[in-house]
Amino acid sequence: MRYGHDVANVRAAEQATMARLPGGLLMQRAAAALAATGAEALGRVYGTRVVVLTGSGANGGDALFAAARLARRGAGVTAVLITPDRAHREGLAALLAAGGRTVTAPDASLRAVASADLVLDGITGIGGTGGLRPAAESLAEAARTSDAAVLAVDLPSGVDADTGEVPGAAVRADVTVTFGTYKPALLVDPAAELAGALRLVDIGIGPDLGAPVLEALQHADVAALLPRPGGESDKYRRGVVGVAAGSARYPGAAVLAVSGALRAGAGAVRYAGPGGEAVLARHPEVLVTAGSPHAAGRVQAWVVGPGLGDGADARTTVSEALATDVPVLVDADGLRMLDPRTVRARTAPTVLTPHAGEAAALLGRVREDVEAHRLDSVRELAARFGATVLLKGSTTLVADPSGETPVRVNATGTAWLATAGSGDVLSGLCGSLLAAGLAPRDAASCAAYLHGLAARLAQGPLSAMDVAEAVPAAWRNAMGA
Ligand SMILES: NC(=O)C1=CN([C@@H]2O[C@H](COP(=O)(O)OP(=O)(O)OC[C@H]3O[C@@H](n4cnc5c(N)ncnc54)[C@H](O)[C@@H]3O)[C@@H](O)[C@H]2O)[C@@H](O)CC1
Ligand SMILES: Nc1ncnc2c1ncn2[C@@H]1O[C@H](COP(=O)(O)OP(=O)(O)O)[C@@H](O)[C@H]1O
Ligand SMILES: [K+]
């Protein structure tokens, strides 16, 4: 598992660790890792041009100590002091002692950045608030347009560490070296997209860290959660998943949701709705009924919503599924017919899988607002509906209704997934895992993981059906087979 901790937690852990260690040791550990990553980015350090963007806090201190190490290895280092009278004193002294120089004039600072080979971003770390100030903004822009590799110290400056929000101008890094634990901004867009490749460095605060606010499944976690048929399994024990999706107008959604369901280990798939002919043409193994969920027979989980349209039949389908006592996943058109009271009153789990537009409609906001505030949005939806919510998009998040478990963030996604119908495949996949008995948060986060991994394995431009077909390969890959 990969964990993300909030700023309050990181600061408390740093305090506790520092109380046991000689002064300055944590910063030296941070600086050593930064210098090593910087040297790797440069290839050969001697004779290169390194620029340090230095703010007023400890983040600037880390950067200055790292730059001093590079200067001792023969790099020509220039520190741009954004607030000259408040630069980290010991860090600056170390750099000057190692032969580095400083600039403060705006023009000279911008010229230095433009001709750098490596820029160390030490403007702000976890202490930054409210986006970059104008002086720092022009430097961040110069770094973005220069040919230099940009290495962010702890976080790309300007992002909000706890939320992943980007309230104003921010640095765009090629690599971020982060200390002790991931910060939410490194895992959640829009900030995560500015961080580049991530490198986590152990500076010794691990044992003092409290509970994480975020977690990201890794292969081993998924392998431990996915169901494995035992010797005693039969199709009913493995779980039967019901799919109520598609309409005369959108039969394809039925086929795609069923395709996802079939490839995630369900013992059988029952389909209820008007798309039965299209489903059988592609998947003869499916048990099809033309009626509503009531007519379909017993299942261990329902998937409702993809391609249902918004007619009276669609409403009946959604309310019949919600009236059952099994886990229900509601997606797409089904999300437009949801009453929070009905969902909250259910005794079995409910999983909602909106994209940002659907989430915005449920919250009474605009899409851009949800995309800018993903963590808040997913938590608020989960609390309001008393449901597990999987919020799709460039970062996929899964939150439980209790608010007490860390939000899961999926790390396998790829922008190739943004293809029509791939969400329908995800619904089917997740429904299958619910039917197999996985807890809603595990089912949703494993489904997102396999879905993203499938898209990566299929490589390049994809159709939604390609994603479904690559799911067994993703499953094997996660299982390490
Ligand atoms: N506390 C520790 O033990 C350790 C801290 N470390 C580093 O220390 C950082 C945190 O240091 P600080 O608490 O000093 O905070 P930062 O260095 O992140 O930033 C705080 C300073 O930046 C200014 N500032 C805030 N928002 C700004 C903005 N938008 N534009 C420009 N300036 C802004 C503030 O006035 C303040 O002076 C971490 O991110 C990490 O890099 C590491 O050295 C490891 C050990
Ligand atoms: N930029 C992106 N990066 C990674 N995944 C993405 C991106 N944009 C969309 N996705 C994923 O693609 C899928 C699209 O689903 P959805 O929006 O429901 O589309 P549809 O309704 O066409 O099926 C979701 O799994 C979503 O998380
Ligand atoms: K930084």
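Cβ atoms here come from the backbone N, Cα and C positions, even for glycine.
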Record-annotated K(+) site (TrEMBL): member among D117, D121, D189 besides N59, S157: D121
Candidate sharing the AMP site with K392, G393, S394, T395, T396 (per TrEMBL), from G364, G421, G423, G428: G423
Environment of K392, G393, S394, T395, T396, G423, the listed AMP site - residues of the same chain whose CB lies within 8 A of the CB centroid: H355, A356, L391, L397, N410, G413, L417
Contacting binding-site residues for ligand 1, chosen from I126, D154, S157, G423 when the Cβ sits under 6 angstroms of any of its atoms: I126, D154
I126 ((6S)-NADPHX binding site) versus binding-site residues K392, G393, T396, G423 - nearest by Cα: T396
Neighbourhood of ligand 2 - binding-site residues from S157, G393, T395, T396, G423 with Cβ under 6 Å: G393, T396, G423
Set of same-chain residues at least 6 away whose C-beta sits under 8 angstroms from H355 ((6S)-NADPHX binding site): L391, K392, G393, G423
